[in-house]
Amino acid sequence: MYGIEYTTVLTFLISIILLNYILKSLTRIMDFIIYRFLFIIVILSPFLRAQNYGINLPITGSMDTAYANSTQEETFLTSTLCLYYPTEAATEINDNSWKDTLSQLFLTKGWPTGSVYFKEYTNIASFSVDPQLYCDYNVVLMKYDATLQLDMSELADLILNEWLCNPMDITLYYYQQTDEANKWISMGSSCTIKVCPLNTQTLGIGCLTTDATTFEEVATAEKLVITDVVDGVNHKLDVTTATCTIRNCKKLGPRENVAVIQVGGSDILDITADPTTAPQTERMMRINWKKWWQVFYTVVDYVDQIIQVMSKRSRSLNSAAFYYRV
């Protein structure tokens with residue numbers, strides 16, 4: 001009898017010990033699985049994009065309702081506007097207080113006194129050599145001149161777009177343009193650009209690489225030149241480096257905080273023919289030639305419409321920054 005009781009107790013104890021061992025083993029296995037799973041989740045979470053589900057709040061009202069931007073009407077309170085005009089405008093107006101008058105008129109359109117800056121430039125040529133567009137919004141007035149039509153078009157292409165540029169060493173290297181957005185931009189007091197296309201043996205095509213007089217002249221004594229050649233073909237260049245600097249540039253896209261207003265002229269400047277130029281007619285405008293007072297009155301009257309087709313940008317443009325990143 002006692003032997004049976006001892007056997008029963010011993011069997012019970014062994015069962016308890018075995019159960020405890022099994023439970024501990026299961027606990028260790030579950031801990032391993034859980035911690036390994038959490039570890040994998042932590043490692044992969046930076047590389048995954050998942051929806052973060054929160055409290056399910058009911059949405060009342062129509063989702064199609066148009067809500068006005070609360071800052072849209074306050075644009076002028078925190079922004080600056082630069083108005084660039086030629087010297088002849090100030091000469092014709094001949095009034096020492098004309099800027100104050102215009103500032104008061106801009107105030108009636110929502111631009112506080114001190115937020116509008118009047119920037120004078122001597123002529124298109126000098127402005128193209130050293131463009132300085134520092135304001136949130138920049139409006140450039142260019143009076144049409146048939147003799148400067150090319151410079152005006154290239155200046156518009158320069159300031160209405162952003163460019164990434166690098167220096168060129170034309171004495172050591174041949175250069176080629178990789179695509180239509182790749183241009184060579186030259187600036188200086190007098191830029192004469194000659195090019196000689198090369199074949200795969202680096203021999204001149206229709207020119208002699210050792211004789212610059214046989215090169216094809218693409219620009220003569222200009223202040224600003226945007227040179228476009230056949231893509232994928234090496235070229236040897238001859239540039240008047242004493243009075244001109246040339247850069248290898250890539251057009252990145254539109255500079256949306258700049259607008260150009262052509263004043264007068266029977267021909268309308270249009271740079272949208274370039275396949276790399278997105279339609280920019282909204283930021284390149286024209287008004288009929290009148291007295292300069294009337295021109296400025298027109299700009300003030302339509303400043304709201306002009307600004308609406310522009311976008312505020314923080315990146316400025318000057319001739320130094322232009323060469324590297326605009």
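Heads up, the Cβ atoms here are built off N, Cα and C, so glycines get one too.
Checking Cys82, Cys191 against Swiss-Prot, the residue bonded to Cys135 by a disulphide is Cys82. The Ca(2+) 2 site recorded in Swiss-Prot includes Asp228, Val229, Asp231, Asp301, and the single candidate from Gln132, Gln177, Gln262 that the record places there is Gln177. Disulfide pairing as given by Swiss-Prot: among Cys191, Cys196, Cys244 connects to Cys191.
In sequence order, Pro197, Thr214, Glu216 are the residues near Gly206 (Ca(2+) 1 binding site), counting only same-chain partners six or more apart with C-beta under 8 A. Cα separation, Cys191 (disulfide bond) to Asp231 (Ca(2+) 2 binding site), rounded: 22 Å. The highest number of surrounding Cβ atoms within 10 Å, among the recorded positions Cys135, Cys165, Val229, is found at Cys135. Distance from the CA of Gln177 (Ca(2+) 2 binding site) to the CA of Cys196 (disulfide bond) is 13 Å.
Considering only the binding-site residues Val229, Asp231, Asp301, Cys135 (disulfide bond) has Asp301 as its nearest partner by CA-CA distance.
In this structure, the CA atom of Asp228 (Ca(2+) 2 binding site) is 15 Å away from the CA atom of Cys165 (disulfide bond). For the disulfide-bonded residues Cys196, Cys207, the greatest number of Cβ atoms within 10 Å around a candidate Cβ is found at Cys196.
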